[in-house]
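Per TrEMBL, the features are:
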type: SITE; residues: Arg82; note: site 'Transition state stabilizer'
type: ACT_SITE; residues: His86; note: active site, proton acceptor
type: BINDING; residues: Asp87, Val90, Gly92, Asp94, Ser96, Glu108; note: Ca(2+) 1 binding site
type: BINDING; residues: Pro183; note: substrate binding site
type: BINDING; residues: His213; note: heme b binding site
type: BINDING; residues: Thr214, Asp265, Asp273; note: Ca(2+) 2 binding site
type: DOMAIN; residues: 365-511; note: domain 'UBC core'
Amino acid sequence: MAVFKLIPCLVLFALFSFDVGVAHPGFGFGWGSNGPSIGRTFSSGLFPQFYQFSCPQADEIVMTVLEKAIARNPRMAASLLRLHFHDCFVQGCDASILLDDSATIRSEKNAGPNKNSIKGFEVIDEIKAKLEQVCPQIVSCADILALAARGSTILSGGPSWELPLGRRDSTTASLNGANTNIPAPNSTIQNLLTMFQRKGLNQEDLVSLSGGHTIGVARCTTFKQRLYNQNGNNQPDETLERSYYYGLRSICPPTGGDNNISPLDLASPARFDNTYFKLILWGKGLLTSDQVLLTGNAGNIVELLNMGHDYSYSQPSKSEEYGGETADSIYSETEDLIRRDQAEIRYNYGEPVQYPPQPEALSKIACNRLQKELTEWQVNPPTGFRHKVNDNLQKWTIDVTGAPGTLYENETYQLQVEFPVNYPMEAPQAFFFPPGPLHPHIYSNGHICLDILYDSWSPAMTVSSVCISILSMLSSSPAKERPADNDRYVKNCKNGRSPKETRWWFHDDKV
Ligand code: HEM
């Protein structure tokens, strides 16, 4: 990667001294495919051109709805990816997860792994409603879920894959199946291998599919045990990297805060890349089920993690290495499902979502997004941050308090976050009111050298995710000092120049 060495600075989690890679070598989900060419036949009877004549616009419609949904709520990409996983792991990819309670159905939505957790139904409804207008009763909900998972991956900067289509929707659901087949976050490596094996998936599939955790978040309740009582002896999980552990403690206090959230991939929470694997190698996997991929001593998992770590888009042949077998094993399961007599194509799910009215200064998308972020913040502010309420949606002033046990404990600084009219397509401008915390990545004029504020910004990120990254950056600082080039940089930043005009160079992967 060409690197412009104008401002050498150290930056949190900046791991980008190499080409962008993918989190999932061979990420075909098994339920999709990394098949090499158009026209490939699939043992399941599914094929990518299934809607070529009956609904050629299907994928385009899915993508249009997704783009808007993800712009409104950046986390939606992750939620839709997970929705597909939780559908497929119960009775195959048959959209059974969409069925509500009825006289004959006990909805999977109420299963432990899904209740108050699984999201994205309204987006699937919206896609379905649009498809029904254009090609009524043609596209199955199961295919919509698969298309939405692929589209969400692409829109998060991840790879695409050839997706065989033609699934049928189930008329049954299995609450019990959802409770027993979807792995728990505190699973041991053996649990995980067994549960994946039951679905015809092997160790390599487990590692590559776990890479779905390159985007999205998890609630404290799903990993708190690791912080305070991993093995029943009131001690934290010793496999947690120390600075990461302190950062997580600041988000998840010992009591309460169970619904506070932390990114599954702290380095690039909204970007589909391979940092998830790097973080695991560094002891920064969020869930037990993530970290045991490394610590569980299961055969060649370490080697696989390293391969995920090194994988890049320029090496398509590896997807065959990883994905080929997986695809076949899952297709045979899908084959049974689409042949079932009771399978049907469901339609007419609810009304499309209505959006609030358009304000003047910001674009409609920016305004909707910010209102939503603000509402979410009010309900669930990131720990250590306080938004100073004013009537300016475009400019937020936030108090940042250093996390307990860190160099900045009990110190409070003011962060200003200003949003461009086309937010979230463009990154916000964030800086500390000078002088800001003494930190190796924070200049005395308040400018912050943090990649997600510049090159690595993704529309799927939020003010909260920016704040969490800043707090982690502070928490992992080994010393209170300014960047080595502070004086030169600040001198050159005349007349309130925006930090976004700087060409930053990120080369530090420790702080
Ligand atoms: C290997 C076993 C797995 C376990 C134990 C697991 C567990 C979890 C848990 C506990 C959460 C957080 C839920 C919450 O806080 O409510 C989560 C989130 C997530 N999972 Fe997994 N998961 C696994 C595999 C997968 C796979 C295979 C994928 C997709 C390829 C996936 C995609 C996601 C995504 C994208 C999120 C974030 C969702 C969001 O932000 O809304 N997971 N997972």
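Note that Cβ sites are derived from N, Cα and C of the backbone, with glycine treated the same way.
Annotations in TrEMBL come from automatic prediction, not curation.
Remember, predicted model here, so these are calculated numbers, not experimental data.
Between the CA atoms of Glu108 (Ca(2+) 1 binding site) and the residue listed as 'active site, proton acceptor' there is a gap of 9 Å. The 6 Å Cβ screen around ligand 1 retains Arg82, Pro183 from the recorded positions Arg82, Pro183, Thr214, Asp265, Asp273, ordered by sequence position.
Glu108 (Ca(2+) 1 binding site) falls within a helical segment according to DSSP. Note: the Cα of Ser96 (Ca(2+) 1 binding site) and the Cα of the residue listed as 'heme b binding site' are spaced 23 Å from each other. Spacing of Arg82 (site 'Transition state stabilizer') relative to Gly92 (Ca(2+) 1 binding site) is 14 Å (Cα to Cα, whole number).
When other Cβ atoms within 10 Å of the Cβ of the residue listed as 'heme b binding site' are tallied across all protein chains shown, the result is 25. For Asp87 (Ca(2+) 1 binding site) paired with Thr214 (Ca(2+) 2 binding site), the C-alpha to C-alpha distance reads 19 Å.
Every protein chain shown contributes to the tally, and the Cβ of Asp265 (Ca(2+) 2 binding site) ends up with 31 other Cβ atoms within 10 Å. On the 0 to 100 pLDDT scale, the domain 'UBC core' (365-511) averages 87 in this prediction. With DSSP states grouped into helix (H, G, I), strand (E, B) and coil, the domain 'UBC core' (365-511) comes out at 41 helix, 31 strand, 75 coil.
All protein chains considered, the CB of Val90 (Ca(2+) 1 binding site) has 26 other CB atoms within 10 Å. Closest to Pro183 (substrate binding site) by Cα-Cα distance, out of the recorded positions His86, Gly92, His213, Asp273, is His86. In this structure, the C-alpha atom of Gly92 (Ca(2+) 1 binding site) lies 21 angstrom from that of His213 (heme b binding site).
Nearest in space to Asp273 (Ca(2+) 2 binding site), taking C-alpha to C-alpha distance over the recorded positions His86, Val90, Asp94, His213, is His213.
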